Every structure is written in structure tokens, then in C-alpha cells.
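Residues or ranges marked as region 'Disordered' by Swiss-Prot: 1-143. According to Swiss-Prot, the feature compositional bias 'Low complexity' maps to 15-34, 93-110, 128-138. The compositional bias 'Pro residues' annotation in Swiss-Prot covers 82-92. The repeat 'Annexin 1' annotation in Swiss-Prot covers 161-232 and rests on sequence analysis. Residues annotated as repeat 'Annexin 2' in Swiss-Prot: 233-304. Per Swiss-Prot, the feature repeat 'Annexin 3' maps to 316-388; the stated evidence is sequence analysis. According to Swiss-Prot, the feature repeat 'Annexin 4' maps to 395-468.
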Amino acid sequence: MYGQQNNYGAPPPQQWGQAPPQGYQPGYQNGPPAVNYGAHPSQQQQWGAPPGPPQHQPYGAPPVNQYGAPPQHQQGYGGHSPQPPFGAPSPAPAGYGAPPTAPQGQYGAPSPYPQQPPQQGFGGPQQGYGSQPQGQSPMMYLGVPIPAPPPAVPVSTLAGYDARFDAERIRKATKGFGTDERTIIDTLSPLDAFQMDVLSRTYEQTVGRSLKSTLEKELSSWLEYTLVLLSLGPLGGDVYLLHRACNGMGTHEDLLNEVLLGRTNQEIFLLKEAYRRTYNQDLVQIVQGELSMKTERMFNMALSGQRDESPYLNHQLVQQDVETLYRAGPGKIGTDEIAICGILISRSKEHLKAIAQAFPARHRVSLSQMIHSEFSGHMRDALFFIARGVEADGDGVVRDCELLHAAMAGMGTKDERMIYRLVRNHWNRPRFNAIKNQYQVLYRNSLRRAVEGETTGKYEKALVGIIEQN
């Protein structure tokens, strides 16, 4: 639940890279505000807010640290002269990006299912969208095809897209005194993952510096953050966010939850390899250094990339897991956290959807409500994120609407949360359309109007451009 906040996410007036002015402390002040996540909007004191979705338990508040302020400039994914590949594996016969085969059941019971092709993450792949080259088996990330990372040969041209034209538009927009921010917004916001990748490479070849470094130099505050994150593409953007989550004072727990939980085995493999190439560090070790005790063990499970991905349902095992979850939580004194984590982290998406339907029918309380009552702190928020993703529509659309609404509800705007939730969701355009439609149903207000009510100027135009790109 969000507590009282002052100037959440307000960017400092000074240039990035300088010390904050005396007395300035980004992020929350005096603890977070008391705003129930996903509660009826009228309870959140929002002007003209329409009725909200059915009540459920709140997400947790972020720790008191620097989270919410625009990030300091950092060398990272997509930056100029990136770190050389470190430990990059040789191309596998089955294609780079396939996660290593590992025995099932390292955490929790062994899988009762035969090995199947990996399930699609983040709502499944979108059909008929994307300008990936013909004749290549697409690599999927956030439900969309993405360019294969090194050591695969990069795509240099795309049919129907002139990357040189867009690179020249950005060069002219950033040339001389002043910056044509609107041209940059109009150029970047319509691009899909393949187009963004080709543009970034073309820009660096023709201009002599990375697109990321140009955006950091020419822009500032939340507009800079938005367009830098957008320019990195789905995978690069998540790598950037993970570094943001673990860099500096404190840990941005909500970023770890949203980027690492509920992912396919291939997505986890891609994240770990891309993080190593970009920052020359092991992602597992970095995350372990930010967490402790059972929460660390939970994220070790997620980062192992050994989730069952069978499309087949074992209904007997579903009922068995429902009873295991109950006996590990409300059915005993104390809570067996690892038993619950083992099921929610390692079971397939279809299996968890079946559990989310069967649990309230058997025990008269939803899975997410049980988690909220049995857990606390970061582990509660992480497991609640997983549970809400398989409840309701079962595809996380309702959950993601609630998260977007939470970033804008109450006093002040949680800018960084709003930005990365919009950017990450927009890549899968059919799913993003479902989110926009569901947001209208839940809150009787369009997502665009909600964002317009929280932002101004070119920052507003950038986010509206992302929302309306299709």
C-alpha cells in the first residue's frame, strides 16, 4: 500500500551528474502514502475518478531510497562503446537464445509433464505484427519477436523501413542550439523492436555516437528517461531497468518483481546473457547482493530458468498444489514460505491459472488475498504480483491496468513506475490494446486521458505518443 508521499518522482532542477541541491531528497519523504493499490478510485481522492475494479489486497510500497528520481547518466545497454562480450556462449545448434536444458523440479516437486516447447511470456506472442526479417526463427521477448543478440549477425536493413531517414531526422533535431524534442518523439514512438534496433545501429554508424548517449545529452528529466528506455528496445530496456533496480542506494524491489517474475526460461536466459554483455557482471550475483534470506532464495528460483513450460494441465496436481498452498499458509501456524514460492515460481502459467480458479472455490479466499494475509514485505509484493497476474483474465491484463492506475492514483504521480509500465507494455501492441480497453472498463476513463491528467509538455506528448502509436 502506498503511504503519504511528497514530490514522488519529482526530478531535481539541477543537471544530472551533479550533486543534489541541499535539502533535496528524491523519492518518498516521511514514509509512503496510505493509498490502497487497486482500490475503488473514490477512496484514493482522485478528481472525478470513476468506480474502480473489484477490491483486492494492495501492492506494497517501495523502500525509502532514491527510487523515483530520474537516473544518473550511466554507461549501459545501447550506450557508446559498450563492454565487450564476457563469457558469451558459442552459438548452439538450436539457435542462440535457447535456455540450457536443466532438470525440472529443482525447487519443489518434479514436473509431472513431458518436456514441451517453451511457453510464450508476457501474454503470449502477438500475431502478424513486427518487421522481423523473413526466413528467421524469431526470438521472443515480452511476447514479441526481437533481434537475436550477439553472437548472431545483426540485422542491417528491414523491408519497408528507412533507418537512414530516421537517423538523419534525429541528427537534425539535435544539431545546433536547442533540440527539436517533438521530432525525436515522433520518430521513436511508432517503432517496433526490430526497427528500433536497426535505427540505433544505423545512427551510431552514421553519426559516430550511440543514440542513447545523444538522447542523454540533448534531453533531461523524465522525457530523457522515457525516450532512452524506449530507444533500448524490449530486452535492452529491461537490462537497463535491472541495473537501475540494483544500482545506488537501496533496491528498487518493484522493478525486480516486474522484470524477473513470471518470465519464460528463454527470457531469463536472454536477460542474464544481455546483462553480462552490457555490464560485465553476473545478474544472479548482482540480485543476490541486493536481497537476503528467503527472498533471495525466491529470486534464485526465478533466475534459475527452470520453470515448467508444458501446455498440458494435470488437474490432479492442480488440486494437490491447492491443498499444499493452503497447508503451507492458512492451514498451519506460521507460513512455509519456500513451499509456496516453489509452486508459484516453478509451475507453468496455465497451471497457475488453474490454481487461481480452484483455490477460492475450495477455500473461499482468493490466492492473492491468501498471500497478502500470510506474507509481508518484499516477498508479499513479489508473490502478490504473480498471483494477480493469473487471476481475473489470467493473462495479467487486469493486473497491469491496476499497476498503471496505482502509478497515477493519490497524491502525486509515481513517474518512473508510470513510464516503465507504459513502455514495457507497449511493445506487444495487441496486448497493450487489451490493457487500454480494460483500463476504460475498470476506471471509466481512457488510459490516454489519465496520463494527460498527470503530465505536461513534451513529457506528456512522449507518453501519449507511446499510448497511441498504433
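Yeah, the Cβs are placed from backbone N, Cα and C, and that goes for glycine too.
Summarised by DSSP class, the composition of the repeat 'Annexin 1' (161-232) is 53 helix, 1 strand, 18 coil. Highest Cβ contact count with the repeat 'Annexin 3' (316-388) among the listed stretches 161-232, 233-304, 395-468 falls to 233-304 (criterion: pairs under 8 Å). Across the repeat 'Annexin 2' (233-304), mean pLDDT in this model comes to 96. For the repeat 'Annexin 2' (233-304), the number of residues in each DSSP class (helix H, G, I; strand E, B; coil) is 56 helix, 0 strand, 16 coil.
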